[in-house]
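Asks: Mind looking over this structure? Questions follow.
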Amino acid sequence: MWLHALVWASLAVCPILGHSLLPPVVDTTQGKVLGKYISLEGFEQPVAVFLGVPFAKPPLGSLRFAPPQPAEPWSFVKNATSYPPMCSQDAGWAKILSDMFSTEKEILPLKISEDCLYLNIYSPADLTKSSQLPVMVWIHGGGLVIGGASPYNGLALSAHENVVVVTIQYRLGIWGLFSTGDEHSPGNWAHLDQLAALRWVQDNIANFGGNPDSVTIFGESSGGISVSVLVLSPLGKDLFHRAISESGVVINTNVGKKNIQAVNEIIATLSQCNDTSSAAMVQCLRQKTESELLEISGKLVQYNISLSTMIDGVVLPKAPEEILAEKSFNTVPYIVGFNKQEFGWIIPMMLQNLLPEGKMNEETASLLLRRFHSELNISESMIPAVIEQYLRGVDDPAKKSELILDMFGDIFFGIPAVLLSRSLRDAGVSTYMYEFRYRPSFVSDKRPQTVEGDHGDEIFFVFGAPLLKEGASEEETNLSKMVMKFWANFARNGNPNGEGLPHWPEYDEQEGYLQIGATTQQAQRLKAEEVAFWTELLAKNPPETDPTEHTEHK
């Protein structure tokens, strides 16, 4: 019996595929963390996975509506093998988003908590050596109100491209954005959490096989917007070295355009908090339970009130357009892109409550433009001209619907991306643009057959979903391998090009870009006509100022 036990004990430390069977344990500045090894078919080196590693103290009590603080140290080996809870958010939408964009084979268990400042790490490195691999830090999307790190499995990207992948979480909704406009609650807690995670990466990622001097931040939708905020923020200096914004940038958003006093009067009424002073209101809101704040958040949605990133003089010293014009930002190489049909299916599905009878026609388009006109930086007087420009006398209802959805895709994603890319180029930044146009098989049964390149579709290919999920075609698998190679080459070198790949031109005065899909090819002047139309229209019709808007606060 003792011999049997001895044999098994010896096997437990016997190197197999270059690794012992013992799970990985890594030192961090707070203490040791225990992970797990996961092997991917075709790769000798397993990936070391660490889930739910804390990068800040739980933002509870007095730390609600306050800057994140470093995590408390621990003296034991912390188990980092389970997914962390997502930050506080609407559970129904959290499940929809998680199930829709997850690159996992299995449906993730849904856990939500205000204690949520954790990150996940996927490292293909031999942790017994100093590997100095490129690091890619993912910032999830979800409108800054829903989402989490764990649906995005970094296993395939990490193994195939030999990079360390980190997925981070940050406070959302009222927890991540509430601002009084003064020192009592300046706001931008979501972005301060993102910055805290990046500082943690600088201090710790070398022990996980990563190179802290080669960090790429990348994100989609509001994650892409967050990437651009961090690029424009002086607080981002030296925390990252390359950036990728997928389907979202900070240009033409509602950043800094909210009248804080008007919004907070509504929050005060909903919460029954005394708003006679900022300090009293913040203190009152800190006493509310998580469920009470969730209820308040739900009512804000009913009132069509959205909180936003603020021009606080710290995270963002000025309006994004001013920072870009002054060229006073982190001039790191940058990939900017969006998808062919950003409003193809998922976003209209999420806006069903705003669509009368689910129809998309001139009346609905006008309604939505009026609903979002302050966020879009347009005046209501412009709306008829905008609709006429896109419809151009078309009578067929199906074609009208398609053109209107294209219009919203341009307004929210395409035109801001081009404007940012031009500003980056003019500042001397190495810039690359793409348009993604492909229909993943994973969602083919959920959406109309005509939708190709919907919002978020590129995520499946960036994270190697065809290599993780069952049923992918050879074309999908090859497309994913190509996209991962582009993204990882950029993370390694600041240039996506490499051997065996279609050439991706740098975005210069010729405005060359890459169309990525079943056929991947170069093209020029992405959305040039649409940008020219909007630029001319805005010059003739400056946005109106109304009681619910203002330019900035300091």
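Numbering starts at 1 and runs along the chain as it is shown here.
Backbone N, Cα and C atoms are what each Cβ position is placed from, and that goes for glycine too.
Quick caveat, the model's predicted, so the values are computed rather than measured.
Dumping what Swiss-Prot says about this protein:
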ACT_SITE  Ser221  active site, acyl-ester intermediate
ACT_SITE  Glu342  active site, charge relay system
ACT_SITE  His455  active site, charge relay system
DISULFID  Cys87-Cys116  disulfide bond
DISULFID  Cys273-Cys284  disulfide bond
CARBOHYD  Asn79  N-linked glycosylation site
CARBOHYD  Asn274  N-linked glycosylation site
CARBOHYD  Asn304  N-linked glycosylation site
CARBOHYD  Asn377  N-linked glycosylation site
CARBOHYD  Asn478  N-linked glycosylation site
MOD_RES   Ser473  phosphoserine
MOTIF     551-554  motif 'Prevents secretion from ER'
SIGNAL    1-18  signal peptide
Asks: How many other Cβ atoms sit within 10 Å of the Cβ of Ser221 (active site, acyl-ester intermediate)?
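Replies: Result for Ser221 (active site, acyl-ester intermediate): 27 neighbouring Cβ atoms inside 10 Å.
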Asks: Nearest to His455 (active site, charge relay system) by Cα distance: which of the recorded positions Cys87, Ser221, Cys273 is it?
Replies: Ser221
Asks: If one measures from the C-alpha of the residue listed as 'active site, acyl-ester intermediate' to the C-alpha of Asn377 (N-linked glycosylation site), what distance in angstrom results, rounded to a whole number?
Replies: 18
Asks: Quick check for the class: what is the C-alpha distance, in angstrom and rounded, between Cys273 (disulfide bond) and Asn304 (N-linked glycosylation site)?
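Replies: So the alpha carbons of Cys273 (disulfide bond) and Asn304 (N-linked glycosylation site) sit roughly 20 Å from each other.
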Asks: Between the disulfide-bonded residues Cys87, Cys116, Cys273, Cys284, whose Cβ has more other Cβ atoms within 10 Å than any of the rest?
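Replies: Selected residue: Cys87.
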Asks: How long is the line from the C-alpha of Cys87 (disulfide bond) to the C-alpha of Asn79 (N-linked glycosylation site), rounded to the nearest angstrom?
Replies: 20
Asks: Between C-alpha atoms, which of these recorded positions comes nearest to Ser473 (phosphoserine): Cys116, Cys284, Glu342, Asn377?
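Replies: With Cα distances computed to Ser473 (phosphoserine), the winner among Cys116, Cys284, Glu342, Asn377 is Glu342.
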Asks: If you compare CA-to-CA distances from Asn304 (N-linked glycosylation site) to each of the recorded positions Cys284, Glu342, Asn377, which comes out shortest?
Replies: Asn377
